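To start, the structure itself, in structure tokens.
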Amino acid sequence: MYCIRTDPGSPSDSIDLEHNPMSLSDRQGPSGEGVRWCKTCLKVKPPMTHHCHICRRCILKMDHHCPWMHNCIGFFNYRFFFLFLFYLWIGCAYTTYMASIPLRKQEEDDEDVQVLFTFVLAIAVFTVLTGLFSFHVYLVLSAQTTIDFYGHRRRRRQARLEARQRGEKFVPPMHMNAYDMGKLQNLRTLFDHGGSYWWLVMFLPHNRPPKGDGIHFTQRHADDYGRTIQRLPLVLDEDFNTTNKGSKNDTFRHVR
């Protein structure tokens, strides 16, 4: 219920970015691009924010739009979605085990159709959930969203293709994600709500909001991203793609 009822958050809900141009330079992505601007909402898009055409607004740290939840999964409700997958996975595992007990005790000609159906359904859902839950565990430990994951993979493929066209050996970058602070710290960022024993209660349900505002995120080697302010073309972003426009639309970013 928390995942369904909790708003994932949008830039306008957290802070007014439109009337503070100097602060926009602190919200650029680590790639060195200009500050992103949503062509649909006509609002500034902080890092990892994307426009959802179903919700018709930008979503902070958007992971995906979930039709089962009838809601976007973003900064303020991702933990609830992750815990939902975990509880559902545990429930399917328990149901599979309990349904297997009477099946093992019955004779072949005395099988209970209902128990057999429950067992088959539970193990099928459990198998699917294992893959989905494992994928989101990987995303949490690597500080990515689903959109980030496919974006990084697309950039790797493009870089590999360009290297092949130049006749060079492709060497993948060590760190494509500047927000990856290490597995333990990434896990703590999602589940830590204070206290030294956060890891003991990380999977317990509670409705406390996550730390932060969905706009500022700690970056690896943050000091590497600039010392001064420079005028740059504005970046328009629509459908998760960015395109550079002319110099008549200017914004700020940090440079060395």
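Every residue gets a Cβ built from N, Cα and C, even glycine.
Mean per-residue pLDDT, taken over the domain 'Palmitoyltransferase DHHC' (36-150), amounts to 89. If you look up TrEMBL, you'll see 36-150 marked as domain 'Palmitoyltransferase DHHC'.
Residues or ranges marked as region 'Disordered' by TrEMBL: 1-32.
According to TrEMBL, the feature transmembrane segment maps to 78-97 (among others).
Annotation comment: TrEMBL describes 117-150 (among others) as transmembrane segment. Residues 48, 50, 61-64, 82, 85-86, 88-89, 92-93, 95-96, 99-100, 103, 177, 179-181, 183, 186-187, 189-190, 240 of the same chain, all 6+ positions outside the transmembrane segment (117-150), place their C-beta atoms under 8 angstroms from a C-beta of that stretch.
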Chain residues in Cβ proximity to the transmembrane segment (78-97) (below 8 Å; excluding those fewer than six residues from its ends, i.e. six or more beyond): 2-3, 6, 8, 61, 63, 66, 69, 118-119, 122-123, 125-126, 129-130, 132-133, 136, 140, 190-191, 203, 205, 210
